[in-house]
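S.K.: A single structure is presented below for examination.
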Amino acid sequence: MGSVTVRYFCYGCLFTSATWTVLLFVYFNFSEVTQPLKNVPVKGSGPHGPSPKKFYPRFTRGPSRVLEPQFKANKIDDVIDSRVEDPEEGHLKFSSELGMIFNERDQELRDLGYQKHAFNMLISDRLGYHRDVPDTRNAACKEKFYPPDLPAASVVICFYNEAFSALLRTVHSVIDRTPAHLLHEIILVDDDSDFDDLKGELDEYVQKYLPGKIKVIRNTKREGLIRGRMIGAAHATGEVLVFLDSHCEVNVMWLQPLLAAIREDRHTVVCPVIDIISADTLAYSSSPVVRGGFNWGLHFKWDLVPLSELGRAEGATAPIKSPTMAGGLFAMNRQYFHELGQYDSGMDIWGGENLEISFRIWMCGGKLFIIPCSRVGHIFRKRRPYGSPEGQDTMTHNSLRLAHVWLDEYKEQYFSLRPDLKTKSYGNISERVELRKKLGCKSFKWYLDNVYPEMQISGSHAKPQQPIFVNRGPKRPKVLQRGRLYHLQTNKCLVAQGRPSQKGGLVVLKACDYSDPNQIWIYNEEHELVLNSLLCLDMSETRSSDPPRLMKCHGSGGSQQWTFGKNNRLYQVSVGQCLRAVDPLGQKGSVAMAICDGSSSQQWHLEG
């Protein structure tokens with residue numbers, strides 16, 4: 001009797017275990033499908049404790065198979081194979097097809113993103129708030145060690161009508177890649193944004209998932225980046241201020257090199273190397289080490305690093321003296337920021353403030369360096385998606401204030417280019433002139449002689465020509481394939497409608513001519529399609545309904561980045577669509593972009 005009881009007891013245990021196994025399997029495998037279509041972070045752990053880890057797209061279900069059963073109906077067997085999340089890390093692996101359009105809603109979101117933000121919001125939302133970025137530092141930087149007693153930083157991020165996902169990815173990149181003891185706080189300054197998700201939804205997210213170290217400051221009217229940063233600095237209590245734009249992603253060990261330089265000399269202001277995040281694909285890529293300069297139109301520009309700056313004992317890790325800063329990303333001692341006069345509060349919104357603070361740093365006893373071992377990615381947009389509240393030309397207004405306070409007699413160099421501005425009003429500058437006297441600042445001639453001797457001067461102030469460092473341009477990308485581009489359904493070739501050298505010309509399908517070199521395409525390692533070694537196949541990022549055209553190769557990917565899929569599709573990365581024959585049986589041979597569906601009209605083959 002006892003053995004029977006034991007046997008049935010064991011059967012019961014086995015049945016119960018099997019039941020729980022099935023229930024847990026169902027729960028963990030299908031819970032994602034039941035999530036609503038909004039941001040639903042799943043908690044994980046990081047250097048600052050629990051944090052939201054996983055992200056579900058807010059407006060579109062995106063390319064995941066489990067969320068898009070219609071993919072099978074569309075016969076797309078290889079949809080975003082590389083878009084997977086590591087179950088341990090919760091980080092999305094980047095795919096060139098992350099921006100693929102699957103339906104009209106995706107198309108609307110993509111087009112709206114370019115209109116509102118001037119970058120691909122569809123990809124931004126699909127990426128979520130966490131992702132790995134490539135470590136773009138020089139190998140020597142990875143061998144450096146930093147003192148344990150570095151000062152803690154307040155990170156100030158001003159934003160106006162920023163994409164929600166881009167803003168939170170900026171914030172989470174700082175949290176994910178900064179030691180907790182070095183991150184005193186993050187201050188978000190909302191410059192009176194119009195978008196609803198940047199109001200209550202942002203507050204709710206911060207309170208729920210980022211309590212403690214995040215402060216959200218709300219401006220009651222549009223102040224602009226300049227005064228917005230001053231407001232953020234006024235609320236900061238960390239020893240060091242770090243200013244970041246609202247569409248950045250910091251890299252590995254980004255903060256320690258900046259803090260170490262400031263710890264060594266509190267009058268040193270430092271900038272990271274700014275890596276490139278493509279506005280079209282959000283791909284993160286390394287930038288060369290360059291330094292800031294300017295021209296007499298008072299516009300910032302990038303300069304090659306002079307040989308005199310490259311021969312230091314520290315080698316590739318040595319700080320690089322920079323005459324100016326780009327302005328979006330820099331760090332300085334908080335007390336020194338206030339001692340030096342913060343920003344010119346008479347400047348409006350944006351423009352010129354980076355040159356003004358650069359001149360003031362150098363002329364008033366400070367130093368400005370770029371730190372090669374610190375890297376931060378930044379979305380470089382082709383246009384500003386918003387203007388000034390009243391439509392005023394803030395760049396001109398701010399440049400005039402800068403010229404009259406800091407350039408001394410050299411302001412005539414500016415007015416020689418803009419004589420129309422000599423009598424234009426620029427407001428009261430007496431406070432800034434008095435600040436210059438109080439700080440005992442040097443002359444602008446001293447700045448040109450000692451900080452930026454490479455700057456050329458015309459007229460009576462002309463000085464001997466400085467050595468010019470010639471940039472011979474990038475090396476041509478490696479050719480991967482060369483041949484005719486066949487449309488498999490029609491057995492025709494993609495060619496120029498007119499001359500292959502005609503910039504802006506359309507491409508069409510015509511009968512293949514094996515003796516015609518003008519039908520030869522090159523596909524290179526930059527994923528460019530180059531016809532007859534002359535022009536690249538290009539798409540408009542903002543008007544995806546436009547047909548592809550031949551344009552000068554710009555080497556920046558995006559609108560000229562094409563990939564060949566497993567189903568012989570030809571996918572355009574920035575548009576998120578595939579190339580198709582409009583009327584395969586017709587005579588015109590027109591081609592256009594369309595949602596990728598695996599149909600025969602979208603099948604291509606590049607010979608070679």
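Cβ from N, Cα, C; glycine included.
Below are the features listed in Swiss-Prot for this protein:
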TOPO_DOM  1-6  topological domain 'Cytoplasmic'
MOD_RES   Ser95  phosphoserine
DISULFID  Cys141-Cys373  disulfide bond
REGION    150-261  region 'Catalytic subdomain A'
BINDING   Asp191, Arg222, Ser246, Trp350, Arg381, Tyr386  substrate binding site
BINDING   Asp245, His247, His378  Mn(2+) binding site
DISULFID  Cys364-Cys441  disulfide bond
CARBOHYD  Asn428  N-linked glycosylation site
DISULFID  Cys493-Cys512  disulfide bond
DISULFID  Cys536-Cys553  disulfide bond
DISULFID  Cys578-Cys596  disulfide bond
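So where do these features actually land, and what's packed around them?
M.R.: The C-beta environment of Cys141 (disulfide bond), restricted to residues of the same chain at least 6 apart in sequence and closer than 8 Å, consists of Met253, Pro257, Ala316, Thr317, Pro372, Cys373.
Trp350 (substrate binding site) has a Cβ environment of 20 other Cβ atoms inside 10 Å. Secondary structure from DSSP puts Trp350 (substrate binding site) in coil.
Using a 10 Å radius centred on the Cβ of Asp245 (Mn(2+) binding site) and all shown protein chains, the other Cβ atoms total 20.
Take the CB of Cys364 (disulfide bond) and look out to 10 A: across all protein chains shown you find 19 other CB atoms. The DSSP secondary structure for Cys364 (disulfide bond) is coil.
Long-range C-beta contacts of Asn428 (N-linked glycosylation site), restricted to its own chain and to partners at least six residues apart, with a cutoff below 8 Å, comprise Gly346.
Within 10 Å of the Cβ of Cys512 (disulfide bond) there are 17 other Cβ atoms, across all protein chains.
The secondary structure of Cys553 (disulfide bond), as reduced to three states from DSSP, is coil rather than helix or strand.
The DSSP secondary structure for Cys596 (disulfide bond) is coil.
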S.K.: Applying the rule Cβ within 8 Å of the centroid of the Cβ atoms of Asp245, His247, His378, what extra residues of the same chain belong around the Mn(2+) site?
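M.R.: Everything else in range on the chain: Thr170, Leu244, Ser246, Cys248, Ile277, Gly328, Leu329, Gly377, Ile379.
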S.K.: Other Cβ atoms within 10 Å is the metric here; tell me which of the disulfide-bonded residues Cys441, Cys493, Cys553, Cys578 scores highest.
M.R.: Cys578
S.K.: Write down the Cα-Cα distance for Trp350 (substrate binding site) and Asp245 (Mn(2+) binding site), rounded and given in Å.
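M.R.: For Asp245 (Mn(2+) binding site) versus Trp350 (substrate binding site), the Cα atoms are 12 Å apart.
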S.K.: Looking only at Arg222, His247, His378, Arg381, which of these binding-site residues has the biggest number of Cβ atoms within 10 Å around its Cβ?
M.R.: His247
S.K.: For the C-alpha pair, I'd like the distance in angstrom between His247 (Mn(2+) binding site) and Cys536 (disulfide bond), rounded off.
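M.R.: Taking the Cα atoms only, His247 (Mn(2+) binding site) lies 29 Å from Cys536 (disulfide bond).
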S.K.: Looking at the recorded positions Cys364, His378, Cys441, Cys553, Cys596, whose Cα is closest in space to that of Asp191 (substrate binding site)?
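M.R.: For Asp191 (substrate binding site), the closest Cα among Cys364, His378, Cys441, Cys553, Cys596 is found at His378.
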